[in-house]
Amino acid sequence: MEFGLSWVFLVAILKGVQCEVQLVESGGVVVQPGGSLRLSCAASGFTFDDYTMHWVRQAPGKGLEWVSLISWDGGSTYYADSVKGRFTISRDNSKNSLYLQMNSLRTEDTALYYCAKD
């Protein structure tokens with residue numbers, strides 16, 4: 001499969017580990033443009049609700065691109081212009097989990113998606 005195909009794209013997920021801090025992403029799958037996908041990130045090894053959390057992505061052959069952030073309490077959210085109105089970031093501090101709901105997906109959303117802490 002080539003990334004240039006206009007009818008499907010792959011959103012891949014990697015696991016990120018840094019010392020005792022662990023962020024494990026899940027939810028990657030092949031989706032048709034116009035479809036929806038929800039990514040999850042399970043955090044451990046730090047006090048999750050003390051931190052602003054981010055989603056970043058890396059498209060094939062490109063550098064890292066910041067996607068979105070959410071404040072420690074979920075009260076403030078910010079988005080890159082490229083995803084504004086289509087993506088929604090959320091968190092559940094009781095589950096130490098971060099989410100990214102992605103709607104109206106486009107071929108240019110094809111990337112590796114990572115969660116990150118401040």
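Every residue, even glycine, has its Cβ placed from backbone N, Cα and C.
Of the cysteines CYS19, CYS115, only one is given by Swiss-Prot as the disulfide partner of CYS41: CYS115.
A sphere of 10 angstroms centred on the C-beta of CYS115 (disulfide bond) encloses 24 other C-beta atoms. Of all Cβ atoms in the protein chains displayed, 25 besides its own lie within 10 Å of the Cβ of CYS41 (disulfide bond).
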